[in-house]
């Protein structure tokens, strides 16, 4: 019995030690002694550093980060690449991390202090002063729970340099320099930092003018572009990316170009929704210098900065607001934080503005319609819009260019037609209410469809305009229900506010439709926008003619009333026929997008 009690006490002591992070017995293999095997799947955690090179005595900030699942325990060391012994010394702040002495070296490892859930841990590593310093990697073990843990999750290598080290926060490089470096990503806002420090890994020849064309698309490289079949060597409005793999080694050559006032970016994704993507970006820093950056995105959070790694042959140019970049990477293309590589992937292209070196939300994107094996040269087509987005666009177009327009025309120009008798309301009023009810209902459904698909705020002017239309459109019938009587002395206030609000809604709705069509119109001549321009011009012309007719009709005597009614009828028929022609053309365009 005493032996059993002793065993229980010993086991409890081991468990207590693990939860407190005092795990010096795991210094060599960094494996938790949990009597189960480590996970072999890619870890949902990452190890990153803020430098890609160092010299003796330098300090490097190291971060342990979780995707969406927290870790409760960890151990971190710096080791020579392919080495097995810890190097250097760590310092930590906060109460979630502590220092350990491994193999007689004080402060050579970091571990947890409790089993609390953690999403991020940061420490500072100081390089040793030694004659035989080597390139290093930061290696970590992560514990999700007692039976689930990962061992050997490593950062990208950090190169030892005798003369220079990459400054802190230099996770990007100016492409006009002659060196390689580390980097950052796209989509939510990220500061682009500028540095002119040299690195010891490679020399990148700079070039003041870079020419990228569609030559070789489908025969020697994979190409994705917008508009379809455009040639960046000919058309200045062509957004273009290409990927070409080497048959001799793991080298992958990437090109991207397009008009932008801030940055362009390409991404590799497992799906057609941004998040958990590998991204390369070329953009202006705060000094206007174009630089290459790299990051890994997770959901809608800010992407995590990762080093560029083995990147060479970087070239860039910027002329007439057209940014062009090309480079070669020998790092695996992977959406995972580990170096595991798999193919195929969806290809993504995005562009947007920068402000004081900070990347803004992209103004436009396009994505390949299928997953692409980048080792097989081909011309990739853009993905068509999801049916739910097409339905959103069609409903908004019908609501504010047809039913809404007819409802407004009825209220303004047809009040004198078919007056109601007895208890019946005037027919023009019933028609107006019916058409505007359809318009508001279609607007509500359209917004629900878009938000249910995007599941968030997509950014840009379009959703702002759409929400403004929805709010004002909902206010319009609500205010009408509380209007005063026709003979009330304050009735003119309702009439004017109702009319002005209708005009504001119409203007905002037209602007929202234009911005929405610009997001889906991938044609080279932007024909959807041109048709919409014709639609607005047609409607404005008929409004003017109807207004002139209404004022002219006010001066009619009884003998000219019948003639005036015929003119009004002809104008209304013309309006309806023209409206249907433009509407059908735009609906077909939306369906083909």
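Here the Cβ of each residue, glycine as well, is placed from N, Cα and C on the backbone.
As annotated in TrEMBL, transmembrane segment covers the listed stretch 527-546 rather than the other ranges in 527-546, 547-566. When DSSP labels each residue, the domain 'DOMON' (237-352) comes out as 0 helix, 64 strand, 52 coil, counted as helix, strand and coil in that order. Counting Cβ pairs under 8 Å to the transmembrane segment (463-482), the top-ranked stretch among 394-415, 503-521, 527-546 is 503-521. The average pLDDT the prediction assigns to the domain 'Cytochrome b561' (356-555) is 82.
Outside the transmembrane segment (527-546) by six or more residues, the chain places 401, 405, 409, 412-413, 510, 513-514, 517-518, 520-521, 568, 571-572, 574-575, 578-579, 582-583, 585-586, 589-590, 593 with a CB less than 8 A from a CB of the stretch. Same-chain residues lying 6 or more positions outside the transmembrane segment (567-590) and placing a CB less than 8 Å from one of its CB atoms are 385, 390, 393-394, 397-398, 401-402, 405-406, 409, 413-414, 517, 520-521, 527-528, 531-532, 534-535, 538-539, 542, 545-546, 549, 553.
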